[in-house]
Structure formats: structure tokens, C-alpha cells
Amino acid sequence: MKSRNLAMLGIAAVGAIVLAGCSGAASDAPEQDADASITVWVDDTRTAPAEEYAAAHPELKVKIEPVDNTQGAISSRIALATKAGDDLPDVVFLSTPDELSSLLANPVNFPLGLDGDIDQGVLDGFAEGSTGACTFGGTVYCLPNDIAQTVVYYNKPLFEQFGYTVPTTFDEWLALGEKLAVEHPGYSLGTVNARYGLDAYYASSQCELTDSDDPTTVTLDPTAEECTRVNAVVGPLLANGTLSTLDPFDPAFVPLVTDGKMLATISPSWMGEYGIKPNSPTEGQWAVALTPSWGGTDEHVSGAVGGGVWVVSAKSANQKAAIEFATALSTDPEIQSAAPTYPADTASAEKWLEKVSADPWYAEDPSAVLSEAAGQLSPTQGYVRYNTQLLDNFNATVIADAGGDIDAAWATFGEQALAAAKAAGYTVNK
Amino acid sequence: MTSVKMVARRPRRRATGWSFVALYVVLLVAFGVVPVIYAIVTAFFVTPVVGPTYFSLLDNFAAVLADYRLPVAAVNVAMYLLIWLPLLLVVVFVIALVLDAKRTRLGALTRFISYVPGAVTGSAAALLWLFMFSPAVSPIGPLLAPLVGANGIIISDSSLPMILAVMGVAIGAGGWIVMLYGALTAIPPELIEAARIDGANVWQQALHIKLPLIRSYVAFILIVSFAAGFQVFVEPQVLGTGARGQVSSTWSVNQLVYSYASGESNYGRASALSVLLLIITVTAAVIIIRKTKFYSIDGRS
């Protein structure tokens, strides 16, 4: 009796699930309604500007919803809502833009291709290369909000005191680190933990780990010289302690900044405002320089460590309003010049830089360097579904090894990176 | 057969019995049975990156078992269980025995004190311990000095089994101590007296008289702790977000399940691995129940 009841229950449950699965399949091109209200998901930082814009444009009927933006949270919420047949947002801000690659895949297929519906002038207005990662199969699926181009932040008075010059090549960077460890032990050249290593050092060398131009293929070649030459710099500096294995916000690293023990760091353009200024607030100390160049050339390339994007839903019932809103938030100079991070839109960036160049915290006006670095983004960085694994694997191999045998650690990392890409459903090109 | 007749004669008693468990059954079906069935069904559907979803008996399971992260996570969890479970059992048994052997007026207070750390559990406990194990801010900073690595931190992939074991004992032991103490006080005093007259010392009494009598309680602790420990998730997840860049996001097997479901939107693989986890924990529970004669009354077979 009991077991038969259970079996019946099981069959009923399976039936209900199968039915739910069938009804959940929504059509991809919903009927457009120019009067339909739109829902926008934003993170904390983007909430106030989004609400202000919505209030100033009541005709768009925008509803702003601040959501949890921790890694993977938004894409999994959208995936679950898609599966359950619940309402989806019309516009989403992704602060971890790699999630775009998950949103583009089954079972979600969320982003709307924007090329046809957006003014080409808007796309051309973004910093060179900044829409590259948004492009899959020749279609642009996101609008870059801000870019996190890497630069060298350096403590100018400390360089003068030590009699050092700011490196312009990575050979000089390595030499600086070796000299620093001997002459001034305890001083630091920043950290290479996770993305601060991969997205700054390796990306600026154009090491191909995430170069993806469509949702199922990626170019990944950890054995290329563009990757291994970075090991020759990072390995010795990890071993002598001038490069830290810690996250720059780790309570064990921050005291180095507070105590003035960080001579320089290769960091994204938001690091000054968010990471260094709060812990080293003295005016007139910090200046910026271009990320050093690799391979004996004077071609400077910047990695991107973060940078948010706006995504419009292909399932929106009012795509016109959704695109209008996403475009405004990413390119309106009024909104963007007040933003805390470097705007991807060039016209907005110029206005943003006026504010920064007047900031007495900097030892010299950083605007020329920041703007030049913004146009030198590495073309090898793409948004992929295995980014979290990549960072985990890098920390478990190269960072855990801490300069012991970086070539062996990198080889292990390379194998894991290939496995991660394949497990995520990519065909890997070399 | 006799029981059937008795039930038939007393339908009211049967209804009363059902009413006691009705709420539990509803909750069990809603949050236990249905999700498990859903997971089993989902485990057989594969969602490729592009193209339609298809049915396959093995694809998801094969992909999960071949995942390079699974052996790493399995070893992490195994290390944790190997340290934690014996430590927990020894601590719980020893403290309960001491409380039982020396019944003073302070007994109630001691039991209360040992129970208090258990009041802070889950993510709150993980946050608390994140501070405890951050040398820069820890109130017990100097004591931690021998554990600090060359980079000035303690929490890392490799130190996590030990940290979780310490956390697990501190949080979990109190409740079990109170339970085991209760079981020990239920042992008839004449048994212990007889053992003492026969010349058994305190140690022998504990090992040969008390332990076998509370065997089923120990089994219960083992089953519950094994199932919880095997599926450890919240603690490494919180410690990982706190100790940025030091703990893999797939440190434990259950975190790998979460990673499939949330980061990769691959519900088929997430379900396949969950089903495998369920099979392992249920098998372990059955073995423990059989070996310890769990359902025999008061440990007497």
C-alpha cells in the first residue's frame, strides 16, 4: 500500500515536471509593444544613476531593480527564470561581464544582438577594442559601461627617494623588482593573485586564454611565447617577494599600502580610486604610467581587469525602450562623467578625465596616460564560461607555487585551462 | 499479521498516528521527495551550448565523473572528514563521559557552556571563523602564528580541512555532548556498580560498558555528521569569499554541484552529481545502521 502510494506520487511528480518543462519554452521574438514598461537589473553602484535617468524620462516606464551581482548570481537567476517561465528583465548590468557568455548559451539565449537596432555612431563612440569582447559571430551583444585598462600606479616620491626610474618595458620591470628586493626588502610591486595576474600581466602580453569570438570556440594556447615570457618575469618576482600572491584587498596585503611599502603596481584604472586612495590618502604621491611593453618592442598593450557591460534582453516586449535605456546609461556624458570608473564611451571619458585631472591626490595629471591606455586594450581577452575556473586554477597552481617552479606550475595550469574550456563546451583552437 | 489485525480493530489509533506525521510527510514530499525525483529526471537530460536538449542515460554522469575538478574536491572533502569525524567523536564522547563521571552542581552549567558555541551556525559561524583565522584581525592572533603561511595568511585550499574540522567540532560538539550525556545518565547504575565490583576501572567501564550501550547514539552522530560533512558547502563558500583568491570556488564536491548549476547553468550535470552524492550518503547511512544495529532498542540486539 505504502510503496504503491509512493510510486503514484513519483509518477505524478514526473508528469508535472515534464509538463512544466514543455510550457516553459517561450518564443524568441515576442510581440513588440512600444508602451510596455521595462525592468532593469543593476548593481549597487549603478542604482542611483539608473533611478535618476528613469525619473527624468517617465515616458520610458522603467522599473529599476537592484540585484545581487556577485559572480554568477545574475546569469543563474536569469537561467532559473527562463527555465521556470518567469518574467525576465529587459536590461541587465553585468559587473562580471564573463557572464555574457553563459547568457548566450543554452538554456538561456538571453542577449539581443544590437548592431541592427543601434546607431553605428554609438558603437564607434566606444574606446577602440572595448566592444571586441561583446562581439560574438560578428554581432555585438553588449554595450561596454566602463573599462578597466591596466596602468602602472607608482609612488612618485618613493621612486625619487630610491633613485629608480619607472619601467617602460617588462625587462626593466623585472630588473626593478630584483633591485628592489635587494636594496629595499619588504617593498612591493603589487599582487598577481587571480585576475590581477592573468588579466594584467598575461593579458598585456596577449597570452591567449579566453580569446572567444563565438559561443562555442575559443583560442587558447598556454604554451605560446606570449604566455611563457610572462612566467620569466612573474616567477622570479614571486620568488623574491616583490610580487604578492594575495588579493590586493586581503587584510594581509592592505597594510603594505597603508605603510607606504608599495612602490608600484600594475593595476586596472579603478584601483587608484578604490584600492589605493582609501589606504594611501596623502596627496601628491601617486602617478600613473603605461603598462610596460613586452618582447623588446615599444608597443604598449593594456589588460582589462573587470569593466561592466549592459545587456538587452532578446525576450523584451519593448526592445526599443530597452535599447534606448542601455545606450543612455552607457554613453550619456552627464551620467558617465559622474561614474566612479573610467567610461568606455570616449566622449564621456573626456569629461570624466577633467574631474580626475583636477584631483590633487595624483602627483601628476593621469588623464593622458589613462586615455592612451584605454585605446590599447588587448584583443585576446574575451568573455568565456570558464573564467571562474581559470582564476581558480591559476591560484591553485602558479599562485600556490609562489615562484618555486613557475614553468611546471604554468604547465599544469595550461592543462587545466584546456580541460575547463572543453568541459564548458568549447572547441579549442591553437 | 497480528499488527494488521490490531490496526484494523483500532482505526482511530491509526488516524492519530498519521496525524502526528502528516505535517512532516507533507514537508518531506515537498522539499525532499519531489526535488530528488526532479534531480533524477534532470540528470538524464543534456543541454549542449547550442542545439536542442536531448535525453541520455550516461552523458551527464560521464561528463561529471571525468571533470578534472571532481577528484580534487573529493580529496578535499575526504581529508576534512578524516580529520573531523574522529575528532568530533572523541571530543564528544570524552566530554560527555567526564560530565557523567563527575556529576557536580556545576554539571548543568558545564553542559550549557559546551552547548553555547553551537548557537552560532551556518554562514554566521563561517563569517565568525573567517575573522578568527585572519591573523591581522583575529582576537587569538598570536596563537595562530605557527599556522601562518609565508604570505601572511592561514586560510587556503590546503589548510581548509583542518580549519573546517576545528570549526565543525566547536560548533557541532555541544549539541551532541548534551545528547550523549542524556544517554549516559540513562544507563542503569547497577550495571556500572557491577562492573566496578568486578574490578573494572573508569577507563574500562567507559570502553566496555558505556560505549557499547550508547552505540546507537554514536551511530546517529556518525550518520548525521557524515551526511553533513560530505555535503559541506556553506563554510568553504563563505570562507572563500572572505579570504579572496585563497580558496577554490569548487573546493568541495557540493560547491562543484553549485558551480554547475549557477556558474555554468548546466542543470543536467548539477543533478547528475547531486544524485551521485545522494547515493553515497544513503549507502553510508545504510552501512552504519546495519553495523551498529541502529534500530535495536537501546543498543540491545
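Each residue, glycine too, has its Cβ placed from N, Cα and C.
Per TrEMBL, transmembrane segment is recorded for B:21-46 (among others).
Taken from TrEMBL, the feature domain 'ABC transmembrane type-1' applies to B:74-288.
Sequence annotations record features per position, and here TrEMBL assigns transmembrane segment to B:77-100 (among others).
Summarising the annotation, TrEMBL assigns transmembrane segment to B:112-132 (among others). For the transmembrane segment (B:112-132), the residues of the chain that approach it from at least six positions outside its boundaries are 95, 138-140, 155, 163, 167, 170-175, 177-178, 234-235, 237-239, 242-243, judged by C-beta separation under 8 angstroms.
The transmembrane segment annotation in TrEMBL covers B:162-187 (among others).
Under the heading transmembrane segment, TrEMBL lists B:217-234 (among others). Remote same-chain partners of the transmembrane segment (B:217-234), defined as residues 6 or more beyond its termini with a Cβ less than 8 Å from a stretch Cβ, comprise 77, 80-81, 84-85, 88-89, 92-93, 122-123, 126, 164, 168, 172, 176, 179-180, 183, 211, 252-255, 258, 277, 280-281, 284-285, 288-289, 291-292, 294, 299.
According to TrEMBL, the feature transmembrane segment maps to B:270-289 (among others). Note on the transmembrane segment (B:270-289): residues 36, 38-43, 60-61, 63-64, 70, 219, 222-223, 226-227, 230-231, 253-254, 256-258, 260-261, 295 of its chain, located 6 or more positions outside it, place their CB under 8 angstroms from a CB of the stretch.
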Inset, instruction - Using a Cβ-Cβ cut-off of under 8 Å, list the residues of the same chain that are 6+ residues beyond the ends of the transmembrane segment (B:21-46) and lie near it. - result: 53-57, 59-61, 267-268, 270-272, 274-275, 278
